[in-house]
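K.L.:
This structure is in structure tokens; I'll ask about it shortly.
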Amino acid sequence: MPRKKPFSVKQKKKQLQDKRERKRGLQDGLRSSSNSRSGSRERREEQTDTSDGESVTHHIRRLNQQPSQGLGPRGYDPNRYRLHFERDSREEVERRKRAAREQVLQPVSAEVLELDIREVYQPGSVLDFPRRPPWSYEMSKEQLMSQEERSFQEYLGKIHGAYTSEKLSYFEHNLETWRQLWRVLEMSDIVLLITDIRHPVVNFPPALYEYVTGELGLALVLVLNKVDLAPPALVVAWKHYFHQCYPQLHIVLFTSFPRDTRTPQEPGGVLKKNRRRGKGWTRALGPEQLLRACEAITVGKVDLSSWREKIARDVAGASWGNVSGEEEEEEDGPAVLVEQLTDSAMEPTGPSRERYKDGVVTIGCIGFPNVGKSSLINGLVGRKVVSVSRTPGHTRYFQTYFLTPSVKLCDCPGLIFPSLLPRQLQVLAGIYPIAQIQEPYTSVGYLASRIPVQALLHLRHPEAEDPSAEHPWCAWDICEAWAEKRGYKTAKAARNDVYRAANSLLRLAVDGRLSLCFYPPGYSEQRGTWESHPETAELVLSQGRVGPAGDEEEEEEEELSSSCEEEGEEDRDADEEGEGDEDTPTSDPGSCLTARNPYALLGEDEC
């Protein structure tokens, strides 16, 4: 055994300093993470297992990973359907932080908000989704799974070989979640693709449309959800855009909380927060449109009269509740059969499955995380039967719901398809869990360059001595100003907690309280045409007919700055489940509003 060498106090001190530097990743001398809790968050992430032994990408980040010592008593793995994204390198994260500190924000023109689906997904390229490889009944389960894993790795290899990580968006790297999509498509007679009306192009992969309508020969219904969050003219413009690009689509406008047309609205105004008491699922706008679309698709092959009768009962019950001033209990109404399929039920079926078997139409619900799939199912049922959350990836396993004896709904976990979208836009779309973001500042800058965040929140520049003087803003300045206004401080040094402030701003955007809507190509030039379009007036009237009566709802309004106090506590933890908060906009002095409660839906925690 070699003789021990003396180790001085000075050497020990130097050793500890070097160890801290390595853990914090501060070899370049940048200590930006010391101003917030992001440093400790990133250090914890470095200690987790982030590699996938067989994956083409060497760094996979498993979001919302739960500690588990093995399978549960029923063989359930809590991490089976977790979101798997490619991890950003530390160099890339630090580069974005420097840009957030140095890059001066400039407002963009309205044309920049126009999104063309051909630029986002590039139809015909390798930006496809994984298909289930050919199989036969002679194959064992192990052989089938091994073949699927090899095919999936080849799929990832093609994408990462054609595009660099900087160009690619976040997309799902978890094969188990894609298997859920395969099963839903195999079971379904009709496929619903749910999108968020604020950015429907983000949630509409053309490869899925071609596969469903072409290879499978199924009808695809595009649901433009949350239409209460966008101006009616923009909703109509998006509807016509998709009809023109994809003529085989059946398009349905949907929202679980229609707005009242008696109050005007201006997108991007200062918002207030409402607290709804009771439930409002029976006031959903869109179930009847979806019924008509399914009737046109089935052409009498399935008896949907029970569904029509249910919609009539829901409308009558909502009207009766408004007159009496009472709300129904969640347990009232006919029972809804809920099934959670096991692995044996998830095994593939034959390619020639019988359509409308036993007189039942199976409707598969597919969409990105946070587009409102679970809220849509609750709106169709008429009460809460599905747990909802604003955390992406909340729906973790395959479930079926019998809406009526002849109508079955299949809920698929949210899937992120590969695209060329900016990752900052994906964060603002609610695709990436905000509590898990390593670097939120560039997303705040992306938002602030498209809507006047500083003016809406009445922020004062951190370096401004004279409030009336003009100062250039960067993303870091906005976060620091919001932290100062909200009182977000670090634990020991009491510095402004910019990381927490950035998370808070992103939550306001995802919840719809800072409204950012994107436009179809050419909308800026034709805005007046769409505002005077007959369908725009019809949409306003339809929302007014089913919208809530203001005299029957008890609301507690709070100013934006004070209502964020509760959110400050939520920022410390991961997003919570539950329902109850709704947001109502109010404008700055002199601005004009067009709708009451246009941000109501995002008060419900979305999945």
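Backbone N, Cα and C atoms are what each Cβ position is placed from, and that goes for glycine too.
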K.L.:
Which of the listed positions, S89, S324, S468, S591, does Swiss-Prot note as phosphoserine?
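P.N.:
Of the listed residues, Swiss-Prot records phosphoserine for S324.
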K.L.:
Swiss-Prot tags one of S8, S34, S146, S532 as phosphoserine; which one?
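P.N.:
When Swiss-Prot is consulted, phosphoserine appears for S34.
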K.L.:
Between D228, D411, which of the binding-site residues has the fewest other CB atoms within 10 angstroms in the structure shown?
P.N.:
D411
K.L.:
Per 10 Å Cβ neighbour count, which of the binding-site residues P369, G414 ranks highest?
P.N.:
G414
K.L.:
How many other Cβ atoms are found within 10 Å of the Cβ atom of N225 (GTP binding site), counting all protein chains shown?
P.N.:
30
K.L.:
Pull the DSSP breakdown for the compositional bias 'Basic and acidic residues' (15-26) and write it out as helix, strand, coil residue counts.
P.N.:
10 helix, 0 strand, 2 coil
